[in-house]
Amino acid sequence: MKSFSFIFALLSLPFCIANTQDAVHKQLVELAVAGNGVIKLDPKSFDLITSPKRNWSAAIQLTALDKRRRCLPCNDFDPSFNAVAKAWATTSKKNRDNHFFATLDFDDGQVVFQKLGLTSAPVVQVYPAVEGPRAPANGKVAPIPYDFSSGYEASTLAEAMSRYTPVVIPYSDPIDWARYSTFAAGLLAFTVMLRFIAPILQSRWTWATISIGLSLIMTSGYMFVRIRGSPYAAQDGSWIAGGYQNQYGQEVSVIAFIYGLLAFAFLMLIMVIPYQMSPNRQRLQVYLWTGVIMIIYSILISIFRVKNRGYPFKLFL
Amino acid sequence: MPNRWRTIPFLLSFIIQSLAAPQSFENTAIVRSVELGGVAVHVTTTFAIKALEPGAKVYTIALGRQEKEKTSWFEVKVKGQQNPLLISEHPYAYESTRNYHLVDVTLPRPLTANGTLNIVLEAVQTHATTPWPTTASQKEDQALKFTADLLVLSPYHTLVQRTKLKALTPRLISFTIPKEVQDFMPDTPASKSGATVTYGPFNDIPPSANENFIAAYQQPVTIHYFHEQPVLEILKLTRSAEISHWGANLNIQDDIQLHNAGPALKGHFSRLDHQSQAFYKKPAPHALPALTLHLPSGIRNAYYYDLIGNVSTSRLRVAPSPPKNSKTKQYSVLELRPRYPIMGGWNYTFTLGWDAPLADSANWDHATGKYMVEIPIMTPITGAVVNNAEVKIILPEGATDVEFTPPFSALENRVSTHVTYLDTTGRPTLTFEYKDLTVMHAQSIFVSYKVSLSAHLKKPVAVATAFFSLFAFALLGRRINLTIHKNKVL
Amino acid sequence: MPEAYPLPSNLSSATVTNTASLLRIVTLALISGAAIASRLFAVINFESIIHEFDPWFNYRATRVLATKGFYEFWNWFDPTAWYPLGRVVGGTVYPGLMATSGVIYNLLHALNLPVDIRNVCVLLAPGFSALTAWATYMFTKEMKDPSAGLLAAAFIGIVPGYISRSVAGSYDNEAIAIFLLMFTFYCWIKALKQGSALFGTVAAVFYFYMVAAWGGYVFITNMIPLHALVLILMGRFSNRLYAAYSSWYAIGTLASMQVPFVGFQPVKTSEHMAALAVFGLLQIVAFAQLVRSHVSSQQFQKLLFIGVVAIGILGAAAFGIMTLKGWIAPWTGRFYSLWDTGYAKKYIPIIASVSEHQPTAWPSFFMDLQFLIFLFPAGVVVCFRQLRDEHLFVIIYAVMASYFAGVMVRLMLTLTPVVCVASAVALSTLLDTYIDPTEPEINDDTVSESGASTASAPAPGANGTSHPTTPKKTKKAVPPPQSTSALGQIIAASRSSNNKPRPKGIFGADTRLMVVFNAMCLLAFFVFHCTWVTSSAYSSPSVVLASTNPDGSQHIIDDFREAYYWLRQNTQEDSVVLSWWDYGYQIAGMADRPTLVDNNTWNNTHIATVGKVMASSEEVAYPILRKHDVQYILVIFGGLLGYSGDDINKFLWMVRIAQGIWPDEVQEPSFFTPRGEYKVDDQASPTMRNSMMYKMSYYRFAELFGGNAATDRVRQQQLPKVGPTLDYVDEAFTSENWIVRIYEVKKEDPLGRDHKSANAFSQGKKRKRTKPAQRRRAIL
């Protein structure tokens, strides 16, 4: 008897598996439609979607959106993931149902995180199809992690995901109306104001200030901060970054100010003081600005010595 | 070096004599001792000769065929005396078919009947040894094979002769036991004691410098021994010596192609093994980490570089230049480290040069108004052989009636002109070419020449003219106004 | 007329001028001497050797040029580079540098001065720096006066920002480019001031030289049009501008198209379109001016104005369309990444990976320019004070260059000259003001005409080198533009010498002394700074490393040349060497062997192939190696010595670049530990530990330490006791300090086994059993 049932089970095994696979697939499709493109997962459905006999592929975002988790990148990334999924949902049905986008939140499925041994979020893993026509030729079915090194933008994500979907994800960046409108408004305002601000525009000193400002900001490492995205100041509040090849945002302002002050001192000596017609006040100013130059300069040197420890020279302090 | 035996005419008479009386001598004893080495092997043969008739003045020495081919240098002396004896080709010497080769030696004075004399033949054989096995890994030893003839040939009757092969270490691998020599000696023909293998003594041997004796008795003996120094060859040595009177300077520059002719490195070079060997003071015998050179004393700004720039890993200790005509010879010692240790079969090319004060090697003869300069042919590297050498002597510009006396004649020598810094006409240049130089060849070429005052002054005058014309040009350029009309734009 | 200190009054003006010119010549000579001398630290500390990487290629090419002649060089196909592709060198280099040193070499040999070509190459940069100083002097003289020119020359002569790329031995295009840059600008300014087509043509000729010498010529190509455009917008259009620009553009563009490497770019790529557009605009404006001068009716002029604007807009539209159509190539990556700063990292990692393409932090600005960095804004303002056309040029240049320098470290080079010029203008104005001995009288009513004239008369005689700038100003046709602010009016008044000047001057000697002394201190400090920076930071040829022995003496670490020379002496002529592209040029130059990739990174795929070889396991790499018939692999390993610039530190870039081509075979994350760290110790990820790079770097490294734990001095990590094993390659050579390690790729096994099982067989069963286990771990 026991043996008979065993044989029966053995016989019926393939059918039921096939059935279950179809059922699971149908279920997933519904879920996807429900959550317009994104399937909200829990441990159970996670096992379903990553079942070792899947004939579909899936891109799963493992994240921790809850405020208490204080995962800023998760919240930064989530919208782009959803956007891409939404774009995918617009493709034709037969393509769409071969690939799923799903999200598993840490609070819903800690077990999964432990099982995958994940210590950080967000993580996007692509599970290629195991069976069926879309199983990869090289037979690599291990989940492929998405590389965040190129940022959290939706466009890059869509580009990367398109390698695993049957057709390219029809994603295009939303037009940034706000920016354009502000630009247009600015332009309009400018044209309107033109006749009023014309004298200012024609004054060379406006332009002088602009160009000086620009070069001061640039020469104090503004572009470095922008490109490297280095913070305004360190967590511990120290505003000056150790190391010769590194700097914080705050240094830009400080250094620019110092440079500006020194340049201004020289300008006073060159352009203003000679026209000061009372000897004593002139003498006073000369001494004042010379002193300013000496002191500020030595401050600058001392800051530089902090950045570049090997620097042998120093001024008064 | 075949031309080593160029005939010198006035000796012909003696040759006739020696032909007339082939048996004018008898060898009471011949002892040949071979000091086994790397590429160069020293062979010292002592003949104790006895004149059988009065007035015998020319003694003939026979060399085997291979022996002659390998020998790159030899000289004959009376035992205990310094100056070598005149040697000359025996007539009909050049018959390639013959298995032996004859050389005539002119004795200092004719011997009386039964008068005896000990003469010593010193020879250096190059490329006489072959590494065996031909490859050795970094940790293995290096072993060489040397082959020589068993018997010393001689046109005269010999009472007793023996041959000694001396290795540097007592660790010999094998040596040949000769056969078929019973009629010269009853008991064992070869015996080993320490690092020395002795063949003989072989007793009364008939005149052996003839084909049928050689066919009958001569046979090669081979010794296989360990050698603990690297086997070095200098494939090509190009030395250029430039004499400058204005700088009172003799610049000598050697371009050297060094090659380790020992067993080729088996497998690959492992720095780890090399460093551990150095650490345990057991360096591989066929690896050359560094070599020491003896440069002349009192040299200035020596330089050592190769194709890709200066080599910083070397040390030089300069000895002060000696006072004139002082006998004591001092050397500046250069410890020269190649960029990498030279393992078996590896090559390394480099350039080595230095400036020496001209006064050390030149002097001026008031009587003839000629300069006499001494140029060393090579810097001896112990145990190394220079396969090809080219020595170039660049005389000062405008040197006239040049004469030179080489210590031994070159394969080829020619005169050309060489143009270098601030030259107008170029400098006369002598070039000598040699093969297979050994330590024994480290001698000097003497060159004498005249330089007139005008030739001396040529250089400064040329430079002065150049500068002056430059200034004159600038002067004119500044003065002349080339504008056609006054510029009225702006 | 009070004076702060007495002046010699018995000097004839002729004497003064002659002395001044003599002093000027002597000073320039001294400055050139200083410029050259301060660049010789490298030669004195080390030797006369070519530095770094790219110079080695230039040196090699120059040798070909010098030995085989220009024709041979021109169509030189180098089969040893980019094996097996080869490289058409003649068409893919800027030949200016090689041609220059070739000419110098032949000239010297014609004069019986047999200088080694290497020394010519090594000393080219210092020599040209002297010329740069001279060109800067000429340029600044146009801006202010000879005294400012001398200051500028002195600055550019010793400022580290320029020395960094022109020390003896750094034989690179920049060596001559900066001189050409400055001289082209000088000719442009001269042409603009005089409206002379001659100087325009000279500018064009030097522009051509620049195009032939350096890719940075694009800077000139956009700088001059920008200047012209701004002039037009400010309503300063003049026939001088027209003549200068037209002659420069027409001849310069035609000439630049003669350089094969540039070809038709000047008319096809966006970098050059600005120049073309301005040229067109100039024609239109000129035409408009012409018509306007003849016609007088208002309506017509309005019409004309509208027409001009319309044509301009049309032209812009046409340009846009052509770009979209693709008739005009869009900006090249390197150039584009200047504007969109994130671009390179995302799309062209090779460009991003180069260290000199990184953005600049402020310390490097200060390091390279010291007090000039805050003096030059002052100089720019001074330029604003009397806003002549050439001053505009300096202003635009300053702003643009400071942006570029901020984006890319290497573009500090283009900023340096303008900084020197501007701060020289500022400083010399300061000195003029405070050395001039005349003191103004204190009286309320304005000074009489005569007083003013006498006040300004003795000034030139007073300080030897300063000439009166008044004649130039009177010659200038530009009227002082109206300015609104008070300061502006003051200065406008003070500029024009015909109406009454507001009295100016300094009272007392102590104030003068104070300021001058202060300036002198700044200058002295600057000299010390420059000397220190040059000697310590910029004078090491990265081919030879220097360390100091315990006793303080210098110890040379020469591993690179040791290994390269070994390759050169003891391998076959044609054995192909695989290494990361940084070392391609050095191997070609010093080891004289074919290389797969080298420093002109024109073929991303080929580089990615090398990256893949390094990043993947032996089994994967071996077929690739055999296909490219690689015989030797060369890796740089600093772990023993603590040399941080080694391949393990560059490894991630190799992985990234390989990943760009084979995304599913090489993946960057798999080289990190699960915790996302980059480790080489026993926590290193299996992929890392099986990669060729890791294995070849640490092969038998642990054994060196005997029983003790092996430490990597760069990464400061403990390595596992049992080091990696190699099956498909043999260690061929390792340099003294293990910095360079060369491996030989095995031939196929004669019995047709794969090398792993062959090794396992030859080393007995033990290995054989353990091996597959490791293998499985590796793949998973």
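Any Cβ shown, glycine's included, is placed from N, Cα and C.
As given in TrEMBL:
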{"type": "COMPBIAS", "residues": "C:448-469", "note": "compositional bias 'Low complexity'"}
{"type": "DOMAIN", "residues": "C:23-422", "note": "domain 'Oligosaccharyl transferase STT3 N-terminal'"}
{"type": "DOMAIN", "residues": "C:574-625", "note": "domain 'STT3/PglB/AglB core'"}
{"type": "REGION", "residues": "C:442-483", "note": "region 'Disordered'"}
{"type": "REGION", "residues": "C:753-780", "note": "region 'Disordered'"}
{"type": "TRANSMEM", "residues": "C:21-44", "note": "transmembrane segment"}
{"type": "TRANSMEM", "residues": "C:88-108", "note": "transmembrane segment"}
{"type": "TRANSMEM", "residues": "C:120-140", "note": "transmembrane segment"}
{"type": "TRANSMEM", "residues": "C:146-163", "note": "transmembrane segment"}
{"type": "TRANSMEM", "residues": "C:175-191", "note": "transmembrane segment"}
{"type": "TRANSMEM", "residues": "C:241-261", "note": "transmembrane segment"}
{"type": "TRANSMEM", "residues": "C:273-291", "note": "transmembrane segment"}
{"type": "TRANSMEM", "residues": "C:303-328", "note": "transmembrane segment"}
{"type": "TRANSMEM", "residues": "C:365-384", "note": "transmembrane segment"}
{"type": "TRANSMEM", "residues": "C:391-409", "note": "transmembrane segment"}
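Between the transmembrane segment (C:241-261) and the listed ranges C:88-108, C:120-140, C:175-191, C:273-291, C:365-384, the one holding the most Cβ pairs under 8 Å is C:273-291.
Counting C-beta pairs under 8 angstroms (sequence separation of 6 or more), the transmembrane segment (C:88-108) reaches the transmembrane segment (C:120-140) with 3 or more such pairs.
Of the recorded ranges C:120-140, C:146-163, C:273-291, the transmembrane segment (C:365-384) has the largest number of C-beta contacts under 8 angstroms with C:146-163. Within the chain, the transmembrane segment (C:120-140) has long-range Cβ neighbours (under 8 A, six or more residues past its boundaries) at 28, 31-33, 35-36, 39-40, 43, 48-50, 55, 58-59, 62, 97, 100-101, 104-105, 108, 146, 148-157, 162-163, 165-172, 175-176, 178-179, 182-183, 185-186, 189, 417, 420-421, 424-425. Only residues 6 or more beyond the boundaries of the transmembrane segment (C:391-409), in the same chain, are considered here, and those with a CB under 8 A from a CB of the stretch are 143, 185, 188-189, 219, 223, 226-227, 230-231, 234, 338, 341, 355-360, 364-365, 376, 379-380, 383-384, 415, 418-419, 421-422, 425. Here the transmembrane segment (C:175-191) has long-range neighbours at 96-97, 100, 124-125, 128-129, 131-132, 135-136, 138-139, 142, 156, 162, 165-166, 197-200, 202-203, 206-207, 209-210, 213-214, 216-217, 219-220, 223-224, 227, 240, 243-244, 247-248, 390, 393, 397, 413-414, 416-417, meaning same-chain residues at least 6 beyond its ends whose C-beta is under 8 angstroms from one of its own. Averaged over the domain 'STT3/PglB/AglB core' (C:574-625), the predicted model has a pLDDT of 90. With helix defined as DSSP H, G or I and strand as E or B, the domain 'STT3/PglB/AglB core' (C:574-625) counts 31 helix, 4 strand, 17 coil.
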